[in-house]
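Listed in Swiss-Prot for this protein:
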BINDING   21, 39  bacteriochlorophyll binding site
TOPO_DOM  2-22  topological domain 'Cytoplasmic'
TOPO_DOM  46-50  topological domain 'Periplasmic'
TRANSMEM  23-45  transmembrane segment
């Protein structure tokens with residue numbers, strides 16, 4: 001187990017912080033992809049410019 005000198009102000013070790021960051025970024029990319037698909041589908045259905 002890591003000692004307290006390896007912890008940042010969040011209480012996570014560097015490895016834990018990197019893992020959390022990768023999971024967060026995966027979720028962000030998934031959210032952005034769903035948002036883009038939803039906007040494209042809405043634009044195809046009912047264009048808002050034109």
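From the backbone N, Cα and C atoms, a Cβ is placed for every residue, glycine too.
Mean pLDDT for the topological domain 'Periplasmic' (46-50) in this predicted model: 87. All protein chains included, residue 39 (bacteriochlorophyll binding site) registers 11 other Cβ atoms within 10 Å of its own Cβ. There are 11 other Cβ atoms within 10 Å of the Cβ belonging to residue 21 (bacteriochlorophyll binding site). Sorting the topological domain 'Periplasmic' (46-50) by DSSP state (H, G, I as helix; E, B as strand; all else coil) yields 0 helix, 0 strand, 5 coil.
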